[in-house]
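Quick notes on the structure that follows.
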Amino acid sequence: MISGRLKALFLRGPIGLTVVSIILGFTVGGIVLVVAGFNPFEAYGAILKGTFSKPKYIAYVIIYATPLIMTGLSVAFAMRTGLFNIGAEGQFIVGAMVAAMAGYALHLPIWLHVPLCLLLAMMAAALWGGLAGYIKARFGVHEVISTIMLNWTAFYLSNWSLTLSGFGKPGTGKSFTIQETARIDLFSQWKISKEGIQFIRSHEYLGDVLKAPVNLGIVVAIVLALLVWYILNRTTLGYELRAVGFNPHAAEYGGINVKRSIVTSMSIAGGLAGAAGALQVMGVSHKIAKLAVMEGYGFDGIAVALIGNNSGPGSVLAGFLFGGLKYGGSKIQDAVGAPTEVISIVVGTIILFIAMPKLIQTLLKFKKG
Amino acid sequence: MRKTIALCAAGLLTVMVGFAGPAVGEGVSVGMVTDVGGVNDQSFNQSAWEGLQRAEKELGAKIGYKESKQDADYAPNLETLTDAGYDLIWGIGFLMGDAVKSTAQVNPDQKYAIVDFCYGEETLPNIACAVFQEEQPSFLVGYIAGKMTKSNKVGFVGGIKFPVIEKFEYGYMAGVKMANPDVEVLRQYAESFTDAAKGKAITTNMLQQGADIVFHAAGGVGDGVIEAAKERKQWAIGVDKDQNYLAPDNVLTSAMKRVDNALFSMAADLQEGKFEGGKAVVYNLSNEGVGIAPTTGKHVPPEILAEVDSLIAKIKAGEIVVPATEADYNSFMKK
């Protein structure tokens, strides 16, 4: 009786299912921890405490979530139009690189510099993404192949750009720091002044938040998420793109230019991932560094998009979840001394379960039947 | 029913939160944040962690580490360890230079230390730097390579062209030319610190071109370098740690950079209440912060070892100044 009601409660909607998936994910993750010889309560306690116990931690979760939301949007947008954008990683790198260049080389007032920086980065990344779309439309090269290749091209292009004099700061492996006027972080200079340090010391909560590199990136991310939702659901362009996604042959028969749609869609997806890179530079790092490995913003974006059901608002929620797990998950290490490998397995398991509410649904139905 | 669930959940939460939090006991506590190489990189992150493990064993220190996956992790990881209440927090690697500085700025009461980087005049009083003269052991292994090559061709595989890797490169080249000016040095950077397959490909190529000894300063890429030397039965020279164990018959020697010693000695100092913030501690041959591997005698004949010993003495006495940059190298070669 009780279990019947419970099932009804959870089966009612996708949210209930997601919750079940999350709980299942944590349970299986906990089993992994037990097998590896660690106390799962202690570990999950560390995640909870490390995510919510201080305002600074919450600020960090937001900072971690911001780029993931946007790369998630990028992948989601392409996915809705039937394209698998594995290239968000490379588009992120291109966006970051162009933002770092424009942020350093231009000298403009802040109200012009910030939007221009973002716009240039998005345009460059849109070209990068659009290139993969064009190759597909013109020569039929699958976008998975071309975007993977373009990821590496972007990776090495970015590293090479740092060897250029006038952009790479000699002897550091990093670019020059962008101008103050291109930054979107709040109070960064004031924080390290005498008054700032005094303020941080005397204000327990506000001061704590300020220790994190708080910035305006999240606002842009949410605006972009709304924009994606609007374009997809309320415009002719969105209708056409989605139609191509459902069935390109039918769309073509219906008079939609499929080839152009592919290029448009990949360009928009690229621009979104590029915005993620640009805001990361403008709000957090203020420069780009020589990459030793792919940093994974774009690849995480694929998971974010899938968890978020390829929608704008979904990507925002999934981005926060992912950002929280990424930031909070790493806290297990110091708290219980588990090696990173185990933590990665646990977090991976949790994400795997979250990403497949369909399976949970099938399981529940199966049991019922 | 709902109430029961809510109660259970609340209870569970309380238990979880109650369990959490690292217990920082008495005695010195030292934490470290790795760079993106991770703590098992067979190279300097791992060496740093071994230094702390030694501090745990010998000093009873409480230790902990946090791995970074990407550039943006450095600052939050440093913040996390700051909150955990460690007495001293290390940033491993020059990549963390900015993050250590900005974290130290907003936490002026916390002690930090960094490997391979310093801020010169602007070094904050709560940051201690540990820098190494990597060119010195590289020079010594270069000398050995120059003496032992039969084909008059040796190789160098670098990770990414950072200034700290260039110290290995030019120190090595100077050593080779010192031993035998006719030896040609093939050089290539892998543009990675993790891609072992690339290290293997580059090294195989160098060996095919006739080189018979290849030195690497490339972290995880070096695994491939050593593997290639093993397959083709030639010599590899290891880096950071004594890497002879990776291929006992094919690793000639290793240019050791004792990051572990730096972390251990700073922990020991801290135990006694000493902390040299605001400046760089330089580790070189004189204070055994760098050196050549103890297994070197296995494959290198004693007469060459004796020459190396006299070189060590000359470097310690300042009679030889080993070049660390391209410019230094060029003027070194003119002499």
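Glycine too: its Cβ is placed from the backbone N, Cα and C atoms.
Listed in TrEMBL:
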- A:15-37: transmembrane segment (TRANSMEM)
- A:57-79: transmembrane segment (TRANSMEM)
- A:86-106: transmembrane segment (TRANSMEM)
- A:112-132: transmembrane segment (TRANSMEM)
- A:144-162: transmembrane segment (TRANSMEM)
- A:212-232: transmembrane segment (TRANSMEM)
- A:297-322: transmembrane segment (TRANSMEM)
- A:342-360: transmembrane segment (TRANSMEM)
Listed stretch, out of A:57-79, A:144-162, A:212-232, A:297-322, A:342-360, that has the most CB pairs under 8 angstroms to the transmembrane segment (A:15-37): A:342-360
Annotated stretches the transmembrane segment (A:144-162) and the transmembrane segment (A:212-232) touching (3 or more Cβ pairs under 8 Å): no
Highest-contact recorded stretch vs the transmembrane segment (A:297-322), from A:57-79, A:86-106, A:212-232, CB pairs under 8 Å: A:57-79
Segment-segment contact (the transmembrane segment (A:212-232); the transmembrane segment (A:57-79)) at 3 or more Cβ pairs under 8 Å: yes
Intrachain neighbours beyond the transmembrane segment (A:342-360), with Cβ under 8 angstroms and 6 or more residues off its ends: 14, 17-18, 20-22, 24-26, 28-29, 32-33, 36, 38, 43, 303, 306-307, 321-322, 325-326, 329-330, 332-333
